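Swiss-Prot has this to say about the protein:
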type: BINDING; residues: Asp27, Asp29, Asp31, Tyr33, His38; note: Ca(2+) 1 binding site
type: COILED; residues: 348-556; note: coiled coil
type: COMPBIAS; residues: 151-161; note: compositional bias 'Low complexity'
type: COMPBIAS; residues: 162-172; note: compositional bias 'Basic and acidic residues'
type: COMPBIAS; residues: 225-243; note: compositional bias 'Polar residues'
type: DOMAIN; residues: 14-49; note: domain 'EF-hand 1'
type: DOMAIN; residues: 47-82; note: domain 'EF-hand 2'
type: REGION; residues: 132-172; note: region 'Disordered'
type: REGION; residues: 203-243; note: region 'Disordered'
Amino acid sequence: MDGNVFPDQEQLLAFLKKLKEVFDVCDEDADGYIRVEHFVDLGLQFGQGDEVKKFAKYLDPNAHGRINFKDFCHGVFAIKGCEEILKSALGTPTIAAQPYQTDNGYYYQHQEGSLGPPIIVCTRPYPECQLYSDEEGMGGRDMQESDMDSAADSGAGSESSEGGRQDDKEEGLGGFFLRGNNCGQMVSSAAASVISVEEQFEDYGEGEDVDFTPSSPIPDDDTRTNGFSDLGSSLPSSAGQTPQKIRHLYNSELLDVYCSQCCKKVNLLNDLEARLKNLKANSPNRKISSTAFGRQLFHHSNFSSSQGSTEDLFRDSIDSCDVDITEKVSYLEKKISELENDSLANGDLKSKLKQENTQLVHRVHELEEQIKDQETRAEQCLEEELKRHREAYSKMERDKSTEIELLSNRVQQLEEENAEMKVNVCRLKSQTEKLDQEKQRMTDKLEDTSLRLKDEMDLYRKMMDKLWQNRHEFQKEREAMQELIEDLRRELEHLQLFKLETEKPGRGRTAAGLSEYNAKTREIELEHEVKRLKQENHKLRDQNDDLNGQILSLSLYEAKNLFACHTKAQSLAAEIDNASRDELVDALKEQEEINFRLRQYMDKIILAILDHNPSILEIKH
C-alpha cells in the first residue's frame, strides 16, 4: 500500500468478498446481522476469552447487540490498522474537503455529501473556458469528453479501457455497502480520494516524461495535449500509475472544464524543464531531477493553496494566477543559472581529478614493479623450500619402507603360529568329540545298568514278598501239623487204653493188636521225621534270607559308588571345554577305570543271579 490508497482495487474487492463469506457463515438467521453472543461463542472455540471480547467490541462499538456487514468490515480494517483504506475507497467523510490547485490554474474540489463528480474551475476568465456542472445535464459533458477522447486518441487509447475497468472496480466496492443512487456517490468519492492521494509528491529519481503526439494539427488539440502531458509528468509514479494512466484518470469524468489559454504558461514551464533536463544530464553530480523538482514546486503550490477556504481561493484565483506563474518562471530561471555555475565548477573539479589520476597511475606503475621484485624473491624461496621438502620426503620414504618390511616379517611369523594353532585346535576338537562319544556310550551303559538294577530290586522285593507268604503258609501248615499230631497222640492213647481193656478179658486178639501197635509206632516215627525235616527247611530258609540280605547290601554299596562316579563324570563333562590337554587325558583315564569297575560289578550281579535264580535271565515273551 502507498499512503491510504489500496494498490489494486481488485484485491480490495476480493478481500471484501471473503469478508462477506465469513459474515454469511456467522449470520445464523440470514437476516443481515450477527448477534454478538453468537459471535463470542464461535470465537471461544478458536481463541481466548479476552481477545474474543475485545474483537467483539471493535465490531460493535456502540453495543447494539448485533453487527451488520458495514460495521463488520470497519472493525476488521480497524484491527488490521487499515481503516483509512476503506474510508478513502468508500468516500467516508472523515477528512474535511479541501481544494487542490495545479500549475495551470485548475482547482480540484470535492465536498462532503457531494453526489456528483468533483468540479474543476478555471481561474482565468477567458471566453474559451467552458464550465460544466451537474445541473446542466449530461449533454455538455458528453461533448467535452468527446473532445478529450479525440485529443488523446493516438497516445492514450489503450488506457481508456483501464479507466473503464477502474470505474467498474469502484462501483463494485460501493455495491457492497450502498444501493441505488448511493453507488454513484461512492464512485465519485473514491475517484476524488485517488486524486487527492496521487497529488502527494515524492522524489524517486529521474523518470521519463511521456508526452502525447497529436493525431491532427489542430491548435486546440496541441494545447490540450501539452496541458495533459504536464499533468501526467507532475504526478508520481510510486503509487503504481504511469503518466498515461494518470492522464486518462484526468480525461475521465473528473475533468469537466478545459482552458486552452492557461496551457500557454504550461508550455513555457515545459521548455524550462527541458533545459533543466539537459543541464542535469550533463552535470557529473546530479542531485534531483527536473521532474522531481517540478513536483516539489507543484506540491508547494498545492499545499499553500489548501490553507484557505474554498470561497477565498475562488476569489483570489483570478488575481494571483499570473503572479504565481511569473514568480515560478523567475525562480526556475534563477535555478537554471545556478545549475550552469555548478556545471562550470564541476568542469574545474574534473580537470583537477584528471591530474590526480595521472599521479595515481604513476604510483601504480611503481607499485607494480615492486610487486614483480617481490614475486621473484618469493619464487626463489619457494624453490628452496621445495628442495628441502623433497629431501625430507625421500628420507621418510626410506624409513617407511624399512618399517613396512619389518612389519611384513612379523605378520608372516604370526600367520605361521596361527596355522599351527588351528591344527592343534582341530586335533583337540577331534579328541573332544571322541571323549564325548565315549562318555555318551558309558552314560548309556550306566543307564541300562541302572534300569537292570531297578529290575533286580523289584524282583528282590517280589521274592521277599513271596518268601514272607511261604513262611506264613509254612507256619499255618506247622500249626495244622501240630494239631494233627495232637489228635493222633490222643487217638494213640485211646487205642492203648482200648488195647489194655481188650487184653484183660481174653488174649484172642493179641496178634491183631500188635500189628496195629507197630503201625502206630511207625506213624509216630514218621511224624518225628517230618518235624525234623521241617525244622531243617526252616533253617535253610533263614540262611537263604541272610545270603539275600548280604547280596542286596553289596549291590546297594556298588550302586552308590557307581552313581558317585557318574556325577563326577558329569561334572568333568561340564568342564571339558575349559580344560587343557593333560587334564583331558587324566579325565579319560579316570573314566576308563570307572568303566572297568562297572564291568566287574555287572559280572558279579550276573553270576549271583545265575547262582540263585537263573530264571531271571530267561527271555520271556
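Even glycines carry a Cβ here, placed using N, Cα and C.
For the recorded site, His38 (Ca(2+) 1 binding site), the DSSP three-state label reads helix.
Proximity of distant same-chain residues to the domain 'EF-hand 1' (14-49), defined by a Cβ-Cβ separation under 8 Å and at least 6 residues beyond the stretch ends, is recorded for 55-56, 59-60, 65-69, 72-73, 76, 173, 176.
Within the same chain, residues at least six positions away from Tyr33 (Ca(2+) 1 binding site) with a Cβ under 8 Å of its Cβ are Asp27, Arg66, Ile67, Asn68. A 10 Å cutoff on Cβ-Cβ distances gives Asp31 (Ca(2+) 1 binding site) a total of 10 other Cβ atoms nearby, all chains included. Across the domain 'EF-hand 2' (47-82), the DSSP tally of helix, strand and coil residues reads 22 helix, 2 strand, 12 coil. Under a cutoff of 8 A between CB atoms, and with a sequence separation of 6+ in the same chain, the neighbours of His38 (Ca(2+) 1 binding site) are Cys26, Glu28. Between the binding-site residues Asp27, Asp29, the minimum number of other C-beta atoms within 10 Å of a residue's C-beta occurs at Asp29.
Sitting within 8 Å of the Cβ centre of Asp27, Asp29, Asp31, Tyr33, His38, and not among those site residues for Ca(2+) 1, are the Cβ atoms of Cys26, Glu28, Ala30, Gly32, Ile34, Arg35, Arg66.
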